[in-house]
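A quick write-up on the structure given underneath.
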Amino acid sequence: MENLDKPSRELHIARFIILGFMAIGFMCSTTHLGSPLRAFNAFNRVGASALSNEILTGSSFLTLAGLAWLTSLLNLGGRAIQKLLTALSVVVGVVFMFAMANVYYIPSVPTWFSMNTFVEFWFTVLTLGVLLAATLVQVLGLSRGCATKALALIGITFIAFHLASIVLQTLFFSGVTTAIHQGISQLQSLSGYLTAQVMLSAVAIVLWIISAFSALGKSTRSALLCITFVVLMVAELAGRNVFYGMHFTAGLY
């Protein structure tokens, strides 16, 4: 990296950080299998099993994104190959997100068998993704202030729409009933996590507005954006706990 100019070097650092988050997330996802080595067995049912499809698309996404970064870093294959790998990683990443949400789209789980499942997963990707991009742009100085403000407007809009979707999802959950389960009862036991998600998301909006549109120094804005990312991450974890806590089947158990 010594021969790279400063903007290129910082862009490679940003992409490496993103790859790090991707790798951590993918490793955490293997806990569904009991043992990470069982991921190889999951390839036996690609196409027939939602979990197999998730593992295949997820591993393909991480591989393509890693190759795109590595070929760009080492200047291998030429610009055409680098752009092709980047484009393929984007396409496979979109497919991966649908495959991941589809794992939880289970007919026997009435609270999950809804388009709300896909909406919630996508809002997590969009809100945290845009915020991470804005944080890296600010911290590494990848662009001017106009890009930071544009990302802030986009990200804040996504969070606002996400808050609206949380209200709709909560209303949906509360109306689901089975022979022995009531959604409203489940929600009451998870109200603390739901409140935390809403409140922390609102705090993230305020912090992001201050960071992007107030007259603060670069280091202060960078620190504030890092804090905002952590706050929104905790909010999304609280929301995911609500989602998993709302699991109950349509049968008598």
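In case you wondered, yes, glycine gets a Cβ from its N, Cα and C as well.
So that you can see what the record holds, here are the features copied from TrEMBL:
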type	residues	note
TRANSMEM	12-35	transmembrane segment
TRANSMEM	55-77	transmembrane segment
TRANSMEM	84-106	transmembrane segment
TRANSMEM	121-143	transmembrane segment
TRANSMEM	150-173	transmembrane segment
TRANSMEM	193-216	transmembrane segment
TRANSMEM	223-243	transmembrane segment
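Using a Cβ-Cβ cut-off under 8 Å and counting only residues 6 or more beyond its ends in the same chain, the transmembrane segment (193-216) has close neighbours at 131, 134, 138, 148-149, 151-152, 155-156, 159-160, 162-163, 166, 170, 187, 224-225, 227-228, 231-232, 234-236, 238-239, 241-242, 245. When Cβ-Cβ distances under 8 Å to the transmembrane segment (55-77) are tallied for each of 84-106, 121-143, 150-173, 223-243, the top count falls to 84-106.
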